[in-house]
């Protein structure tokens, strides 16, 4: 095994290669050596279970419960799947039995009505049990007996159109009677659990047993007053390590708990008092009317009220991957399912634990474990170092025992420690235990148990800080993968722009309306047709308060802009909708870029209204409505005139939307039972209007794009808008360079890209900067092509149809404000403010995670190398070690827990965005780190070994007694060693910078830990000598210790002037390792 531990392979490569390849296969990828049998190499997403088991079997672990705490619990996952299957089966059996019973009841004449007698509860004439049974059993008979959805709404004291009143008193009352929309969750582990897990470290257990034996023997031989120090000091040191470790782990756990609560807190709209308001999913109560649209999660169990083409994906509850259409005949909706198509309103009838989803979630504890590629790679590094450490510790144990029992080990006064036949068995056993504790403590220091956990620490810290930067991490591995991103495929609307849309240009009746005065020029026919299309062909809503307050418009930003424009035209939303009835709806489709509605007027005429991408609607029009209301033929000149107006609007960054309609005979409308499958006619349309909607670019988005470009991250715009609009916005945002030549491969339409062959798409993908009129499938094809070319792809998405691209990308970024729940669940990170600048901050944090881990590795390996070499050389040559068990435990605490806290929580710097992305296979230990490590380790080893062997004369201790001089020398070596680590922590902060103090005052945690370590070291030397086998040092020796440690700073500067080769050292080790395995 080499120290070059490649990062996770791409998902596609794993799927293609599988696990059956020759384990010793050797592959050369772009000049890099990849050893295929590397167990510590998993993909960033969707790692096969066998790969996860493989690395765990290969890892050298001293404390499995702590090391694997934040990894996927494979056994629990199997149990969860079995339990989910049982609950689903149980629910389906209940439902099937009830349907059978219902069929029998229908067949029996004069059977008593089960729903006629309704139990009253808390002022509501229906009980919780009846409601729960109604929805859980899909009891259609009972629903009819209650009077259908209208009758049930009266029982629940709500209105199917206006909802409940929604005042605080009513909400609390409903919550107290029917329950909250939450489910019992298993409490997080308390501090004692973490304390217990920290105690399970094998080496600490051995040390504690040795401490007890030493304590007993010491008291027996030296008496209670003096004999308890050796054993007691080791026990105290072990307890201190356990407590500090447990506190650190417990704080991490609290951070993850908080982040998981944020993930579950979905926000959605409900209708209360006639208006749409946004609330948390936890605030839903029975009786609420909830509007549902494509991509939403059904927030509770309920009954279909009204809607069109509403299709629900129930796979999360039934396990069957199919969509179920909901209407008055199949009205039951289950919590936790997703809206696959259409829209509608539902009446909430069961919440929380009374729903199947609540029952399922209450019985399944969420396993938040998830190993990341970096975490697994660090386990590989820890295993390698640990193997070396165990070997060294075993060698030290053998050498020290051999020297002791052969009579070559001397006391400080020069006498032999063990004399055969003279030394008592108790004394010999006590000395042997001391030797064993030294060897075991070397293992504690040598096996970097905290190294893989440092990833979790820095990820927890980064995730908490990213929340403040408006990014919610759903998948841990996405944090570190984002640091490797080479390209970002970004949406335009809402991400690069503000998503604050207004209609700024209008072409109605063949003329451009320059101001509201021109609206009066429109004929009644033209304006009424246009208003009819705006009011009926929308998923938005207009609420006019009865007190005459400001009109409230809800819906997507595009819908809101159009509805506000309709109000300017004189639209009375409720009046228009009341004068006609909706027959069928074809919801807006991101593939077709248009949406339609068929309505029946009071005179029984049928109008089919369409709204969508201007050039697409225009291509379907054969006539147009003049300003006077007359219908004119669409000749070629008029087509060109309309096209010119669209191009002019697109050139100034406007989104172009067209409105058209056609008349339809009532005979053409299918019967009611077939209307759901009716394909609305979209040919021979009559053009009503074309509008240009302005969506300004976000402030400072150009700077954010430039920052990405400087960091080696290519930003590409993928939008459904007109290619000219996309081009104008891309120029404004800095994605396109106005001075560069724009070719067909730079700016491309989605249909042109999808028409290419797979190889042609791969060839052109890297050159694409803007893709206009793209469908979600085009985005998926682009992501696949870029990944095959070796890019690490981040992609943004907000729609349900974006889910495949979000899932396929290395990092899927969904939009928190406009994104659907389907998109969010398919993503790795949710951008809470939909802002591209927040995406750039995620890139910074991703790079920071990798950089911080490297800092910690450099620091920890320096301590490892120095401590091991010093103790081994001293043990072999003199039979004693300058750093005893208690001292090494203190060093381990500095190196492990405190070091990780100090270095793994460094905030990101601007310099991170001035370097190229971290390569997929970039070694964890770079050549710069090797150089820094060797410079510091060699300096510490040389200096401290000189003092170990010649310290008495150098420190002028000849006049002291031999025993006291030995203690002073060892205390000085220990003190100097600790100070070297404290000063080296500053060097580790900036591995490749001369100024190691930049930003240190802003990192309060780092300065606090340095100060805490310094103070504790002083207390240990000056006041805890009995426990650590040290003596007090005079001020001169303190100054010398500090001065020696201080030299590490200028030495680091000199070291950074030494050039390093470009080829990573790990590559040569990787070749050697792979060659060995291939043999």
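The backbone N, Cα and C atoms fix where each Cβ goes, glycine too.
Heads up, TrEMBL stuff is auto-annotated, nobody curated it.
Some features that TrEMBL has for this protein:
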type	residues	note
REGION	1-23	region 'Disordered'
DOMAIN	145-219	domain 'Cation-transporting P-type ATPase N-terminal'
TRANSMEM	191-219	transmembrane segment
TRANSMEM	231-250	transmembrane segment
TRANSMEM	381-405	transmembrane segment
TRANSMEM	435-461	transmembrane segment
TRANSMEM	856-876	transmembrane segment
TRANSMEM	888-907	transmembrane segment
TRANSMEM	928-949	transmembrane segment
TRANSMEM	1004-1025	transmembrane segment
TRANSMEM	1037-1058	transmembrane segment
Three or more CB pairs closer than 8 Å, sequence separation of 6 or more: does that hold for the transmembrane segment (381-405) against the transmembrane segment (856-876)? yes
Its residues classified by DSSP, the domain 'Cation-transporting P-type ATPase N-terminal' (145-219) shows 46 helix, 2 strand, 27 coil
*Any contact between the transmembrane segment (1037-1058) and the transmembrane segment (888-907), i.e. 3 or more CB pairs below 8 Å with pairs at least 6 residues apart?*
no
Mean pLDDT across the domain 'Cation-transporting P-type ATPase N-terminal' (145-219) comes out at 85
Long-range CB partners for the transmembrane segment (1004-1025) (under 8 A, at least six residues beyond its ends), listed in sequence order, are 890, 894, 898, 901-903, 905-906, 971, 975, 978-979, 982, 985-986, 989, 1031-1033
Tertiary contacts of the transmembrane segment (928-949), defined by C-beta under 8 angstroms and 6+ residue spacing from its ends, are 854, 857-858, 861-862, 865-866, 869-870, 873-874, 877-878, 882, 955, 969, 972-973, 976-977, 980, 984, 987-988, 991-992, 1044, 1047-1048, 1051-1052, 1054-1056, 1058, 1060, 1065
Do the transmembrane segment (231-250) and the transmembrane segment (888-907) come together with 3 or more C-beta pairs under 8 Å, pairs six or more apart in sequence? yes
Under 8 Å Cβ-Cβ from the transmembrane segment (435-461), and at least six residues away from its ends along the same chain, one finds 60-63, 66-67, 69-70, 201, 203-204, 206-207, 210-211, 214, 234, 248-249, 252, 255-256, 372, 374-376, 378-379, 381-382, 385-386, 388-390, 392-394, 396-397, 400-401, 404, 476, 479-480, 848-849, 852-853, 856-857, 860, 863-864, 867-868, 871, 875, 881, 884-885, 888-889, 891-892, 895-897, 900-901, 904-905
